[in-house]
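Features reported for this protein in TrEMBL:
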- 63: active site, proton acceptor (ACT_SITE)
- 64, 67, 69, 71, 73, 84: Ca(2+) 1 binding site (BINDING)
- 158: substrate binding site (BINDING)
- 188: heme b binding site (BINDING)
- 189, 242, 250: Ca(2+) 2 binding site (BINDING)
- 32-110: disulfide bond (DISULFID)
- 65-70: disulfide bond (DISULFID)
- 116-319: disulfide bond (DISULFID)
- 195-228: disulfide bond (DISULFID)
- 22-323: domain 'Plant heme peroxidase family profile' (DOMAIN)
- 1-21: signal peptide (SIGNAL)
- 59: site 'Transition state stabilizer' (SITE)
């Protein structure tokens, strides 16, 4: 009887521990009270030299959360080039050095306390706010994953060529719905793309040297003539996803999509579903404050995907390497 009681007690303790080991606001208030301030200060000191880092870090955060949850696994290096960062969707992800520099400052203040996953999440938010975008609350307490696999990134991260059915499936796999798809796509308002990511739409949509009919023909002609006009530089030539408004986090991306001027097939796909199309129209009829609030809600939700807490994972000493 006694051993049975002890077993039940242990189960109860485990249950209590698991319910306590959740994300919470101010997780580091006692263990590293200056952590969030150190991150914010570094962002403010450097973001104005490289404002495009806001788009880079929010993309990195997105790519991290869609593979094994928001656990910093996108930051890990692999000696055999088989980590998430080696997968095709992540070859153009940048900002790794920025995160490493923040990590070293936080480690100097509180060794082994603050996870790379939390640093990435907070830095993504702070860079967006510092460049005039929406603020959202970031609960902390994420722990770092110890596994990073190229194939998982390739299979789980939404691609520019995906149709609405595939996008809906990939988002649903992460507990996100069509509204989240529309709102998180809104981050393209500050994005840039490489010509290679839409070369098929412009030059060879069905393999017959044709153009994607869902792309506004005048806009396509303009892109082919003035932007993506050197076939040898498609991988290096960048174009704004929200022309004329790229540095401003606003509703103009949705205006582009409605005019059939979204750069990616995945942008155009938002018009191929009654729910996503009506969401865009609703956002455009509302205020910028409403968009900011809705976006904040979706990205905070994304930041909670399959997080590791409590004793799961580890707190990496260096973001690119698991602890030995």
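We count from 1, first residue shown onward.
Even glycines carry a Cβ here, placed using N, Cα and C.
Features recorded in TrEMBL, as mapped to the structure shown.
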{"residue": "32", "record": "disulfide bond", "Cβ neighbours (10 Å)": "19"}
{"residue": "63", "record": "active site, proton acceptor", "Cβ neighbours (10 Å)": "21"}
{"residue": "64", "record": "Ca(2+) 1 binding site", "Cβ neighbours (10 Å)": "32"}
{"residue": "65", "record": "disulfide bond", "Cβ neighbours (10 Å)": "28"}
{"residue": "73", "record": "Ca(2+) 1 binding site", "Cβ neighbours (10 Å)": "28"}
{"residue": "110", "record": "disulfide bond", "Cβ neighbours (10 Å)": "16"}
{"residue": "158", "record": "substrate binding site", "Cβ neighbours (10 Å)": "22"}
{"residue": "242", "record": "Ca(2+) 2 binding site", "Cβ neighbours (10 Å)": "26"}
{"residue": "250", "record": "Ca(2+) 2 binding site", "Cβ neighbours (10 Å)": "18"}
{"residue": "319", "record": "disulfide bond", "Cβ neighbours (10 Å)": "23"}
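The Cβ neighbour count for residue 84 (Ca(2+) 1 binding site), using a 10 Å radius over every protein chain in view, is 29.
The two recorded residues residue 188 (heme b binding site) and residue 242 (Ca(2+) 2 binding site) have their Cα atoms spaced 7 Å from each other. Within 8 Å of the Cβ centroid of the Ca(2+) 2 site, not counting the listed residues 189, 242, 250, the chain contributes 186, 188, 190, 245, 246, 248, 249, 251, 252, 253. Comparing the Cα of residue 67 (Ca(2+) 1 binding site) with the Cα of every entry in 59, 110, 158, 195, 250, these being the recorded positions, the smallest distance points to 158. Each residue contributes its Cα atom, and for residue 250 (Ca(2+) 2 binding site) and residue 228 (disulfide bond) those atoms are 25 Å apart.
Within 8 A of the CB centroid of the Ca(2+) 1 site residues 64, 67, 69, 71, 73, 84, the other residues of that chain are 63, 65, 66, 68, 70, 72, 74, 145, 148, 153. Sequence-distant neighbours of residue 228 (disulfide bond): residues of the same chain at least 6 apart with a C-beta under 8 Å from its C-beta are 195, 198, 199, 202, 234, 237, 239. Considering only the recorded positions 70, 110, 158, 242, 319, the residues lying within 10 A of residue 64 (Ca(2+) 1 binding site) on a C-alpha to C-alpha basis are 70. Neighbour density at the Cβ, taken as the number of other Cβ atoms within 10 Å, is lowest among the recorded positions 67, 116, 195 for 195.
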